[in-house]
Amino acid sequence: MDTHDTYLHLHSSPLNSSPSQPPVMSSMVGHPSVISSSRPLPSPMSTLGSSMNGLPSPYSVITPSLSSPSISLPSTPSMGFNTLNSPQMNSLSMNGNEDIKPPPGLAPLGNMSSYQCTSPGSLSKHICAICGDRSSGKHYGVYSCEGCKGFFKRTIRKDLTYTCRDIKECLIDKRQRNRCQYCRYQKCLAMGMKREAVQEERQRGKEKSDTEVETTSRFNEDMPVDKILDAELSVEPKTETYTESSPSNSTNDPVTNICHAADKQLFTLVEWAKRIPHFSDLPLDDQVILLRAGWNELLIASFSHRSITVKDGILLGTGLHVHRSSAHSAGVGSIFNRVLTELVSKMKDMQMDKTELGCLRAIVLFNPDAKGLSNSLEVEALREKVYASLETYTKQKYPDQPGRFAKLLLRLPALRSIGLKCLEHLFFFKLIGDTPIDTFLMEMLEAPHQIT
């Protein structure tokens, strides 16, 4: 496949028909290089919107301008920040009296029972009692947003259990509500959400099974899993034959090999995102923001699933097999072990298929908490559609595994935590300058980012 064809811009319709926009994004073909290799690197923002070494930027193909100060890389850690506070799930039981025990620090939040609507038109003025986002109404006894409503419902219906990796006092707000499921669930209970309301809703749903089937069908039509599978297959690298890498026979160290593979996969990531239903319908700036926010997790998920076919190592998109021993000798053994244990091994044990992988990656892509989005509610609605389609798919494809959907979602916190730790390593390698980092990966690392 021709390199330039792979990097076609995300929006298929002409973006420069308006005379007010500069005609710089109409085509990847013949895009001029504006920076020579002999000149010093430009500022991060100008780097992202330009090409380097005669090759176009992977993100210049999806937006006419990246110089807007409103665009930033969400949730990117810098050196010295602790990234191990990502939510993790385990077998800790949360049934019984513990369900209604509010976590420490929630008492001063006030009683939401006094927060009443004065008129039907004032409903939109309510805020979510859990995270402070815009409320969509009263759900399970509490004014809440669609995100917290869906989170609470999934927790109860799937009987999910969580644990807090901190001191059970995590801040739950619009920006950080997904960081700790344990504290988010406890806050739902503390604010008055009722478990029995979810169970009653399920019973009513059984009495209206025909309506539920129709709704599920509509969700599947809105977010068809076959389209998501097509997206995965369209960018799948040909790795029928691969080269083994070890300290004795590899000219490059594993970190260099991984960075080189990530650089190549950034282009296919753009092509993959274009094929995910409704992604191309989002504003171009939002598309850029979502890809910047999730590129590391999206790439890690891909090579982790690809690696279930090899033994004690990871299989890169370039066809190179990196052994565990090579990673340890390069000083990245700890994070390498986590990838193998928390991702590759789990995917292999449950025999995760390509459709399920694609849905998990789509969930990561549609991140409503990415900073700078023009409409986070729209992105959250798309994520909910992926949830619904994935749940329906697992029930139909694996009817003998009722807990499979929950097991799939359990991989997301681990993926998040590992993705943040990998970014820490990349920033370190970039800082010390010992590892060659290719053009497009460097652009992502130099993009403006914020710490959450």
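Using the three backbone atoms N, Cα and C, a Cβ is placed for every residue, glycine included.
So that you can see what the record holds, here are the features copied from Swiss-Prot:
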REGION    1-127  region 'Modulating'
REGION    1-46  region 'Disordered'
COMPBIAS  12-29  compositional bias 'Low complexity'
COMPBIAS  34-46  compositional bias 'Polar residues'
DNA_BIND  125-200  DNA-binding region
ZN_FING   128-148  zinc finger
ZN_FING   164-183  zinc finger
REGION    194-217  region 'Hinge'
DOMAIN    220-448  domain 'NR LBD'
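Panel annotation: around the zinc finger (128-148), residues 112, 115, 172-174, 177, 184, 187-188, 191-194, 197-198, 368, 377, 380-381, 384 of the same chain, lying at least six beyond its termini, place a Cβ under 8 Å from a Cβ of the stretch. Confidence over the zinc finger (164-183), given as mean pLDDT on the 0 to 100 scale, stands at 91. Taken through DSSP, the zinc finger (164-183) splits into 3 helix, 0 strand, 17 coil. Helix, strand and coil residue tallies for the DNA-binding region (125-200), in that order: 29 helix, 7 strand, 40 coil [DSSP].
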